[in-house]
């Protein structure tokens, strides 16, 4: 049996998929490291005082200029909505509706000004809120310390205000409640998810806005209106409803200005724009082009009014508001202050000095952030960072020289004013260059990488499909289809690495790996295409396909229609956000449809009726007994699918959804009676799972020996169940224990889970060390020698393959001879040999199941029991279908079985209380057995990942059972007496051949090819689903729900694929380890 080539080929196929995932991710997911540093008034960033500068009681870094501010966020306020063009006689519904802004800017040019407010992608509300409060460039993944919620842990404007004793009042979109918990002095939150509701949020704000403004108990008032955004989603911008909503906003602004005090700053901002269809989320011009309006009854600006509104990046609002309100700029800000708001009431020179102080503070803060970030991450180019440092140092030196001259009391001169102007420009240049460097690294899609990643994944799927068909041929050449492609890939990687060394440029590891993977793929296809016709030519025959008629070809492909059709439907539905949201209900439906249609197909072809049944009367009386068993299994499967829906988790996109009560721990139950009842039910489920596994192993004779593994199964399985039950008992009543027992409870909360981890790990090591669970009862008489083709003892693998069939026949002849003589005792009895491969897999799956169950809440034991039951039923259905089909190739696992197995893994991802969204991750799993926390991030990541992808792990490790189970379920000897005489004669002829899983060892080359083919089919089905998610994320990257639905779905699908592929390799490796151990066992069994 070729073991290592099979594993290497599958590992190479996984590497190809991983390369495609990495390449696509580098172009799609915008990611940065989130720093936890915070600014404070004591930081040495305050600009040195210059002559004539006053100090206020609330000075922090720079004197406070505005005591109060009102920030109105009109969601999706595009610049075109705010701009007023009197030349348009017939404006569109969204044009010229905010006339009050134009009136203020025109009549009071020193008090009001309109800007283009440019948003950074992704243009989703949550990411934009992060941008206008932190001053940074939020991406889809902000890697920080708090993974369990959307709360902003990074330093932000609201946090600075609260820490410095200011009162922040909020009203509007309830998204802010999750982003800034416990940050508001007073708040009025309104539900925001229903995009068809245009008025609830806006009307709720208007009920409290004016009275709150008049009350004066606030320093910063934030009101977030949603009606314009929801109107765009529901109707689009060019609709009469948009005109009504904008008119309502215009009247609101008119009334609000009347309530404002003279020293209050009004800021009206849009968080993003919208497309012509009312959507947002991407980086198109319409999506990033929002509006900003600034107003105060006190003069803010100079007399000069620009001809065209200036474009202001959104991040510039944060440092501007922070310094105006007299609080430190948030630590991670990369925005630039709006200089016009710092002109002051003095002359030109004083205005320039005031602006220069703001720029000096701003530049120092950005320089500090870049230095800290460069120490924490490596995604900013070192050359650009050095260049920025040189710019800042030069500007700082010039600032110090100019400040020294001012302190000497030299009179202002035109030359000095010119120097002030040039220095301001230098600080502006530095800040804009710094922002540009961060934008290049954090806030851009890379379409070429996304397309290349999709192509690489698609080519990997094609490779798996082609290789799975070629693997059935016994002359599958690993040299031309594995070794040569690997060498080509390594050569390309070496050339690219050498080129990077010669050019002294930074090495992009993702690109190098991707080019290597693509080259190895091309080499595989080239060698596969080139060798096929030559083999046929050298053999002197036509290719097999040429000798097959059209009808035979259609029948050969007929078996693919059902599984591939349902798989295609599932992949197409990935492009619908509604399907992704409701996938927890759709996945069981697809699996049930596949099973029902498969049984219906057997009935259509007459496979369910008995051979003697007349075709004209296919009634119930003529069905085979096996057919009734198959129908009963189908009913059990449908019941499992139905019951698995009881363990669902809710998404916020599904209205009126209540999460399953089984997800909550037992400690959350208030009723002691209900808690005890559920606890007994959970323990019963755990005990039932262990008992069922032991019964199966006992039935097939795998618990008769005294090997270490068998002893472990006998004693450690019940012990593991007891420890888990004790842990559940402690956790369910930990909060009710008395003070004296608290220490004991804390020890138990750590001790029981760690004991389970240790004992289960020991069991897994035992399986790898001695996986054979066969008991041999040997009372043999002297027999003739068993020889190799070259005489003597076997000395090679080829000799051993010649010896093993002789051992089989010797055992069978001895057994038959003794039975013919009337003796009940067989000379050689091997218990468990026919299920030796499956037994090892079942033991490993049970150990993994108990481990994973420990990481879930107590009542998830019912879901795990369903998982094992459904897996068993699927295997039984597969075995009966193979048996009833009759003409099925035993060494080939059909596509329907692989597809159903993958669907079951997806179904139980949802049925174990998970959803492809970050808030649904069970973060508590990281602390099961580790109440005091962790010193590293690796172990908690492994625990949380194991909890999240438990179903993927179990079904991937158990995938080889799809090949083994039909052999295990062959007709047992006890049933042969019930068959007809002619069938018994046929079975007697077959008795000379090995039965059950030993048939696999009769053809080691076909066995290894079958494992390779099964692994490639599994990777193909997983890869096609992954490809659909990748394409959906790329095509719909400007969709409204891309960052809320499609991007998380892609992430979870990619991680699930990686976990499944690694566990698939482990499962196949375990089968090969058992095969190696069985070979050693036969060597020991050989008679002396």
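Glycine is no exception: its Cβ is also placed from the backbone N, Cα and C atoms.
Just so you know, TrEMBL annotations are computer predictions that nobody has curated.
Summarising the annotation, TrEMBL assigns transmembrane segment to 448-470 (among others).
As annotated by TrEMBL, transmembrane segment applies to 482-503 (among others). Remote same-chain residues near the transmembrane segment (482-503) are listed as 5, 8-9, 12, 511-513, 515-517, 519-524, 527 (criterion: CB distance under 8 Å, separation of at least six residues from the stretch ends).
Beyond the ends of the transmembrane segment (509-526), by six or more residues, the same chain brings 12, 15-16, 19-20, 22-23, 26, 452-453, 456, 459-460, 463, 466-467, 481, 484-486, 488-493, 496-497, 500 to within a C-beta distance below 8 angstroms of the stretch. Annotated transmembrane segment per TrEMBL: 509-526 (among others), in sequence order.
Annotation comment: TrEMBL describes 586-606 (among others) as transmembrane segment.
Same-chain neighbours of the transmembrane segment (677-697): 666, 669, 703, 713-714, 717-718, 720-721, 724-725, 728-729, 732, 773, 839, 842-843, 846, 849, 853, 858-859, 861-862, 864-865, 868, counting only residues six or more beyond its ends whose CB sits under 8 Å from a CB of the stretch. Residues annotated as transmembrane segment in TrEMBL: 677-697 (among others).
The transmembrane segment annotation in TrEMBL covers 709-730 (among others).
According to TrEMBL, the feature transmembrane segment maps to 755-776 (among others).
Within its own chain, the transmembrane segment (828-855) has Cβ neighbours under 8 Å at 686, 689-690, 693, 696-697, 700-705, 709, 713, 717, 720-721, 724, 727, 753, 756-757, 760, 763-764, 767, 771-780, 810-811, 814-815, 861, 864, 867-868, 922, 925, 928-929, 943, 946-947, 950, 953-954, 957-958, 960-961, 964-965, 967-968, 995-998, 1000, 1067, 1070-1071, 1073-1075, 1078, counting only residues six or more beyond its boundaries. According to TrEMBL, the transmembrane segment annotation covers 828-855 (among others).
The annotation transmembrane segment is assigned in TrEMBL to 861-881 (among others).
Residues annotated as transmembrane segment in TrEMBL: 949-968 (among others). Within its own chain, the transmembrane segment (949-968) has Cβ neighbours under 8 Å at 700, 834-835, 837-838, 841, 844-845, 848-849, 852, 855-856, 867, 871, 875-876, 878-879, 882-883, 890-891, 893, 897-898, 901-902, 904-909, 911-912, 996-997, 999-1000, 1010-1011, 1014-1015, 1018, 1055-1056, 1059-1064, 1066-1068, 1070-1071, counting only residues six or more beyond its boundaries.
Listed as Cβ neighbours of the transmembrane segment (1016-1036) (distance under 8 Å, sequence separation of 6 or more from its ends, same chain) are residues 10, 13-14, 17, 20-21, 24, 28, 450-451, 453-454, 457-458, 460-461, 464-465, 467-468, 471, 567, 570-572, 574-575, 893, 895, 898-899, 901-902, 906, 956, 959, 1042, 1046-1047, 1049-1050, 1053-1054, 1057, 1060-1061, 1064. Residues or ranges marked as transmembrane segment in TrEMBL: 1016-1036 (among others).
The transmembrane segment annotation in TrEMBL covers 1056-1082 (among others).
A contact links the transmembrane segment (755-776) to the transmembrane segment (1056-1082), because at least 3 Cβ pairs that are 6 or more residues apart lie under 8 A.
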